[in-house]
Ligand SMILES: Nc1ncnc2c1ncn2[C@@H]1O[C@H](COP(=O)(O)OP(=O)(O)O)[C@@H](O)[C@H]1O
Ligand SMILES: [Mg+2]
């Protein structure tokens with residue numbers, strides 16, 4: 001059976017894939033379906049959902065189209081979640097590989113730095129970083145990555161420690177390969193699978209962290225974010241609860257979708273490796 | 001002058017609170033184009049000597065002269081450049097290659113690293129190397145894990161000779177192979193030695209194989225040299241206790257010596 005078929009046969013993975021596909025479709029179609037500024041006023045304020053079919057999910061306190069905001073928010077969530085997770089995985093894999101492969105003083109220094117980052121709760125770190133540097137999309141990405149690269153770094157280091165004792169690494173030294181080439185061309189690619197297996201959890205956590213930062217008003221002010229929408233809706237929670245509930249549900253489904261699809265991928269690749 | 005001269009080489013490992021000498025004051029030399037065998041029971045320090053000679057680990061004491069230079073004094077770039085002359089073939093040809101590698105990549109690496117052939121020229125060189133070790137050029141795009149154990153060991157030998165070394169260290173290089181494949185690989189090694197005057201440091205616990213390929217032999221026991229000399233002379237009439245024990249433990253050999261007497 002092909003890995004894709006096996007992946008789609010597990011119901012959780014299938015559900016995750018559907019959710020993720022919907023999210024990606026939303027993100028990609030946002031500016032096609034809702035061109036122009038999603039933060040522009042589109043109708044009367046606080047229009048409830050399902051009243052006006054040109055504004056299916058109604059409008060918020062300022063009369064902005066909630067559906068348009070939701071689509072554009074999907075874009076921000078996905079962009080921040082994926083880039084922050086990718087940055088964390090790349091930095092973690094590089095630091096872990098250098099530490100594990102070089103050993104000695106290099107390992108010692110890099111792992112002390114990793115410890116230092118790990119002792120600070122990652123959300124506090126992100127909060128402090130954005131507060132100091134100021135909110136923009138790039139800064140939010142860096143802030144989230146700062147708190148998440150340590151996990152991948154530890155996993156990569158542990159894997160590299162076992163791989164560097166293998167004969168093929170000795171073989172690479174014997175043919176005169178440069179140590180950095182050995183570390184990144186020969187060792188790192190073989191250390192990646194367990195690191196990549198963490199990516200679904202990291203993407204999900206990054207999306208949540210972005211939402212939390214936006215909720216606290218520390219997101220990029222020029223972009224619609226789900227966290228920002230929830231915060232906005234909170235002020236009128238009694239009269240218009242849907243303004244918080246709609247982006248809240250979107251967030252939950254997104255995190256669930258990323259997590260389920262990620263686990264499904266890990267599962268199918270693990271099965272495949274187990275069989276061969 | 002000898003190609004490789006090892007003097008008073010010592011390597012200790014800490015085990016618990018006591019240190020053991022894996023290699024203890026070992027000296028030997030290899031001439032150009034010569035095969036020196038290292039034999040001894042498991043744990044006698046053969047692999048440690050191989051790794052010391054290749055500078056994969058550093059000795060606690062001793063001296064290694066290779067091609068007339070103090071080999072232990074070479075550092076980083078100079079050492080990497082000199083590695084072209086000193087190659088290795090491992091026991092398990094599957095473990096000796098990156099699991100993601102293809103045959104072509106495995107042979108491309110030494111040619112690229114030592115600037116032996118330009119990018120455009122390398123595919124031709126790789127094909128020639130494959131043919132030199134008795135394989136066909138159409139093996140090049142195959143993944144290392146797809147080919148047979150015997151083919152893999154031939155690729156390992158092709159990789160070792162790619163940089164035209166003067167010495168190849170072979171640590172149990174034929175021990176994992178079937179008897180028939182083993183004979184073919186030994187023939188290939190003898191052929192390469194005749195044509196290109198490569199010297200071998202040939203590590204094996206199989207005295208029959210050593211008798212067939214080596215000029216001289218060094219018998220090790222617990223990190224020390226127990227006996228050394230002409231390979232046939234030592235194997236036919238061992239003087240040391242460990243030599244006698246090793247010969248007694250080799251059944252095939254026993255029969256041939258009995259037949260001869
Ligand atoms: N990295 C190491 N750490 C501790 N002890 C080692 C290490 N490498 C080898 N030894 C010890 O050194 C001795 C010689 O090992 P080795 O050279 O592998 O023997 P052989 O190849 O002859 O079987 C053994 O007692 C082994 O346990
Ligand atoms: Mg050994």
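Every residue, even glycine, has its Cβ placed from backbone N, Cα and C.
Curation does not apply to TrEMBL; its annotations are automatic.
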Transmembrane segment range according to TrEMBL, out of A:51-74, A:123-146, A:147-170: A:123-146
Which listed span TrEMBL calls transmembrane segment, if the choices are A:20-44, A:195-219: A:195-219
Annotated transmembrane segment segment (source TrEMBL; candidates A:171-193, A:240-262): A:240-262
Intrachain residues whose Cβ lies under 8 Å of the transmembrane segment (A:78-102), provided they are six or more past its termini: 23-24, 27, 110-111, 113-114, 137, 140-142, 144-145, 148-161, 164, 179, 182-184, 187-188, 191-192, 195-196, 198-199, 202-204, 206-207, 209-210, 258
